[in-house]
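These notes concern the structure reproduced below.
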Amino acid sequence: MKTSQTSSACSNQENLLSHEQIKFVEAALRTHTSNKIERNGSGTAIVWFRNDLRILDNEALYRAWQSSQAVLPVYCIDPRLFGTTHYFGFPKTGELRAQFLLESLADLKRNLLKRGSNLLIKYGKPEEVLPAIAQSFGAHTVYAQKETCNEEVMVEKNVMKGLEEITLSSGGSTSLKANGPMLQLVWGSTMYHLADLPFKMEHIPDVYTQFRKAVESKCNVRPFYRLPALLGPLPKNGMNEIDEWGDIPMLGQLGWRTKDRSSFGVMRFIGGERAALARLHEYIWEKDRLRVYKETRNGMLGPDYSTKFSPWLAFGSISPRFIHEE
């Protein structure tokens, strides 16, 4: 997707938001932005976006910014995401999910650009793309959100191995490993932090009610991360080696034809952080649906019988902590 097409996707998204929703989105971004966050880092850090496609309450982005003088945001379009499962050959990503992803990337890029940054989009496996970028820019750390599923965890291990090989090839001695780029993973996909749970992972209750009562009585939700007013500057060294920032692909480039969305859907799901914030505002404040949530949550008759936050949470367009705070 070219720059004009990215702008078009964001414009179409705004056309679907009400005036009140747009006001809430802009107010949320302003309210949770701070000019007082100290930045004492040095060099260049990379933030590898995965299932955390947002700028608000994004610990990986925050730590990358705080630990450096320049941050390079990167998203890898991994071809394996658009393949099939190992067993039975089911497609991993359908056209609606792919469209939601592309809209989320367009919105993320827009939000980064507005704050003096950008999004480098690369097609390829992260374990091949990220070490090459880290070497080109001389990055000291790659920050990313920790994932839990087998294939994603394997990618993390391979990225870590690739970064270690850069260090070894530059010096030939394992004693230099501490000076090379490293992968720093942070936990950010749940409302309660993994380290704060009152039991070990292997002892998590099988029944949700037991889990809920335990964490509600013994845990606190951590404060969310505020957004620095400016996320720049972008690194200067290495820019001549990336050629361009990369395009968000068209749906057809991923193997699907663009279709009109079904009129039978209960609502229009649009990818991106701003759409997630708009839905949050609509559900909690405009329609006051929390008041009747317990009575309607199992209904399937319309857009407001449940929160419908799931797709935005899955892509990390909004964090559970932010919803809790709101």
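In case you wondered, yes, glycine gets a Cβ from its N, Cα and C as well.
All annotation found in TrEMBL is predicted automatically rather than curated by experts.
The residues of the domain 'Photolyase/cryptochrome alpha/beta' (43-176), classed with DSSP into helix (H, G, I), strand (E, B) and coil, number 68 helix, 25 strand, 41 coil. If you look up TrEMBL, you'll see 43-176 marked as domain 'Photolyase/cryptochrome alpha/beta'.
Cβ neighbours within 10 Å of K308 (FAD binding site), excluding its own Cβ and spanning all shown chains: 16. What TrEMBL lists as FAD binding site is Y293, S306, T307, K308, F309, S310.
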Within 8 Å of the Cβ centre of Y293, S306, T307, K308, F309, S310, which other residues of the chain have their Cβ, at the recorded FAD site?
Y283, R297
Let me make sure I understand the span of the FAD site: among Y293, S306, T307, K308, F309, S310, what is the greatest distance between any two Cα atoms, in Å?
15
Binding-site residues: S306, T307, S310 - member with fewest neighbouring CB atoms within 10 Å:
S310
For a quick check of packing: other C-beta atoms within 10 Å of the C-beta of F309 (FAD binding site), how many?
16
